[in-house]
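Just below is one structure, and these are the notes that go with it.
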Amino acid sequence: MFGLKAKSTKKVFGGIPKHIGIIMDGNGRWAKKRLKPRVFGHKAGMDALQEVTITASELGVKVLTVYAFSTENWSRPQDEVSFIMNLPVTFFDKYVPVLHENNVKIQMIGETSRLPEDTLAALNAAIDKTKRNTGLILNFALNYGGRAEITSAVRFIAQDVLDAKLNPGDITEDLIANYLMTDHLPYLYRDPDLIIRTSGELRLSNFLPWQSAYSEFYFTPVLWPDFKKAELLKAIADYNHRQRRFGKV
């Protein structure tokens, strides 16, 4: 679709990250530069997400986790929050057919109880439509917060210890990972190899703090609506110049 096949790209790069996480930042600033309301940037960001998803799929990426809405984002202006909550409805209506055609499987992490009914219905419909697909997993972090995720996992583990389902000595890193929201992902791809943040901000903002322990980070000043295929390839090229040590020398 974008003129570059995964096979030829793999000859250029030493390796493709199997799991990429993206903090999609800069929609509001992108709109402001164009003298448009912030919501205009969020709408443009949907087009970037579609292109990045298809490109990642062509490259052989297994999981793409995108930070769509954090637990802290509820403090934004109500009209903006309402617009963002409607974005999944618009995005899935417009792009699920092409994502489905490209064998993309849609999943999510996050607390669903606070999501509007229309948002949740659109998300569940997209998940159901693509559930048998075997290609890239497009994993939406929606109403997600890393600290809340870990806190919830600790509560469940503590309850299982109280119920004598677990002994304290059974608690390992692997067991904790099984209580996190990413436990539905394939075991080998639960943790991101590469985390990308757009817009020039240099922080994680509560995105996958447990899973990113050994991730490589790529920060770019490019605003999210401008982060398209060429920018993703640039990020992966940079990743391929890294030596991943996983705490070793």
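Glycine is treated like the rest: Cβ placed from N, Cα and C.
According to Swiss-Prot, the protein carries these features:
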- ASP25: active site (ACT_SITE)
- ASP25, GLU216: Mg(2+) binding site (BINDING)
- 26-30, ARG38, HIS42, 70-72, TRP74, ARG76, ARG197, 203-205: substrate binding site (BINDING)
- ASN73: active site, proton acceptor (ACT_SITE)
Which same-chain residues, if any, lie at least 6 apart from LEU204 (substrate binding site) yet have Cβ under 8 Å of it: ILE23, GLY146, ILE195, ARG197, SER212
As a test of the contact definition, list every same-chain residue at least 6 positions from GLY26 (substrate binding site) whose Cβ is closer than 8 Å to its Cβ. GLY41, THR198, SER199, GLY200, VAL222, LEU223, TRP224, PRO225
If one measures from the C-alpha of TRP30 (substrate binding site) to the C-alpha of the residue listed as 'active site, proton acceptor', what distance in angstrom results, rounded to a whole number? 18
Fewest neighbouring Cβ atoms within 10 Å among the binding-site residues TRP30, TRP74 goes to TRP74
Any idea what the Cα distance is from GLY28 (substrate binding site) over to the residue listed as 'active site, proton acceptor', rounded to a whole Å? 13
Note down the number of other Cβ atoms within 10 Å of the Cβ of HIS42 (substrate binding site), including every protein chain shown. 22
